[in-house]
Ligand SMILES: Nc1ncnc2c1ncn2[C@@H]1O[C@H](COP(=O)(O)OP(=O)(O)O)[C@@H](O)[C@H]1O
Ligand SMILES: [Mg+2]
């Protein structure tokens, strides 16, 4: 088989399932026969075009991505620092452990109400929720990363005279980085879910608001646009994370999650 | 008095004075300067433990370990270790950078570092693989990186823990011969651990056979003054093999019998 | 217990007591209960709600929703995962779709589910099933990445057909992955629960959390949060204990 036709076959294999899915969706919508409650793919497409024409979709995307970006960045730093400290120091692990292991079971969505009481209805509360979800996932990965550095890696460096800060910088940190990156990737996915929840409960813009506000007016076509946008954005963010990781951190291939 | 000396060394995990079983008990061991000493013993008897004590990774629960008249302290560049397996290599560094690592830790300048690492890489036959990462290399090549990384330090003492244990027989033979030619006349004192009698005879000036644990110590010692390189097919080789096998075989049988009963 | 682990425990206990004390003091002096109720106030609220039976109802409803959704999702995820894993063409056709839907969280499905399944229990079950299915499905598939070529060949040598080889070699090797996916899925179910109870509901811990904000009953909200945490920890503990027993031949890693 020529390489061109092999590429074509590969593409077909990726695209065909989605075409099948859209056809299935179309058939189901026609069978349901209430276009307002279950719009066809074409109606959804028209709605998307309209929303883009009005500029609303772009601005919703931008605001949601901005919130995720800020929260994710802060959460990664916070989670990495705390996770490393807990992994490196037994007393720190003992002091923070009980809280980490309890909060681990309380997802960001459980805090939605509390965060809005404490931080108001503005940007802060949404970003705080993203910080929270990111911090925990990254913290736990970093901590496990530190604790699973093979002792011989540390012993070898000690033979070569590395102690304290140098040992950390040259061995512990690079050995833990793959775990941190794997955690960050997972956290990115959680961020998308969290931001939608936050924007649904209290926001005047963003993808979550688009999805929620349309519900009040029973604009299911707009909801579908929001959902598909979310799926595409999430997928793109994930691909981008993987790509950036392999570009910037080529040496530190992420550990299997 | 020896260059390195273990006197009445006991070791058990946990704090001193605790009731844990002793892994080593009353270990006596003496290495002359420049000597190649091989420790043989059934697996699990405490060979790695003895090496860890000399490296300074663990402290004896009782007894003393002295090198050049000074008690062994923290790990350091005067006793470089080649570890069992390849976990001690840094997967985020290339082969070249792994070999440069010790020099980097001691503050050697970049140019000098690169030159010395490259020299050792080519001596262990990795001249063309310096830019590869460990995961891109075979098991034998990874062990060569470890050897180069240890030798680049110019340490007076080398501690090797079954460095060829995980390799296939052919690769092992080649690396053994290379190690003989590298160590010949280097003046380094070597403590080499293995459970392979043939390997011990190829390499050693002296061989210590350890008892089955717990509470292990050196049971018997054999001096080998055969000329090097040694011939694996020679009569002397076979005779030495036979003598050592009698002593070691008895200890291994103890372990096997105990495991079968458990 | 060794001295080291006793010292660890003491430090942890100290940290918890210190935080609770600080919280109690802050709750009584600096903040009004609507902003930060003191632990004693939350405990009192828990007690009141327990006596009135409201909390029992909330816990029972939430637990039943999670249980139904979790079991349905586990079954669906395991069956689909095994099907995808066993039949390469099926996996190739459907995996991209699964990957795409993974990024559409259950919360985005709220309205469609409301429209299609109404405001009853079914919609809530569907949402929790959706979450669980993905986790179990993806984890099961990950299990198929484990190479079992030699073990499968051995089975063939001893006369097993492809179906028997799958049943006796592949399936047992995949069990820890399925169960591992279920454990993650259960964790996610508790998040989705709150989302599901955004869907018209009058009881449940998620409802308690959301409704308390509207009623400015912050202590009620904390009861809901703590309820979810306790239920989540208990469910995880129970799940591990149970699966350890049932799958004692498999290495589950807990
Ligand atoms: N960290 C540890 N804690 C407790 N026991 C250990 C530890 N490491 C090794 N041991 C035990 O010490 C004994 C000697 O181990 P080792 O020195 O590694 O043996 P060898 O290298 O001769 O195979 C073994 O029985 C082993 O199970
Ligand atoms: Mg050993």
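The backbone N, Cα and C atoms fix where each Cβ goes, glycine too.
Under the heading domain 'ABC transmembrane type-1', TrEMBL lists A:61-245.
TrEMBL lists A:65-87 (among others) with the feature transmembrane segment.
Note on the transmembrane segment (A:99-121): residues 86, 128-130, 132-133, 136, 139-140, 190, 193-194, 197-198, 201-203 of its chain, located 6 or more positions outside it, place their CB under 8 angstroms from a CB of the stretch. Here TrEMBL flags A:99-121 (among others) as transmembrane segment.
Annotation source TrEMBL lists transmembrane segment at A:127-146 (among others).
Within the chain carrying the transmembrane segment (A:167-186), a Cβ under 8 angstroms from the stretch's Cβ atoms is held by residues 72, 76, 79-80, 83-84, 87-88, 134, 137-142, 144-146, 148-150, 153-154, 157-158, 238, 241-242, 245, 249, 251-257, all 6 or more beyond its ends. TrEMBL lists A:167-186 (among others) with the feature transmembrane segment.
What TrEMBL records for A:224-249 (among others) is transmembrane segment. Sequence-distant contacts of the transmembrane segment (A:224-249) (same chain, six or more residues past either end, CB-CB distance under 8 Å): 39, 44, 47-48, 51, 57, 60-61, 64-65, 177, 181, 184-185, 188-189, 192, 196, 207, 210-211, 214.
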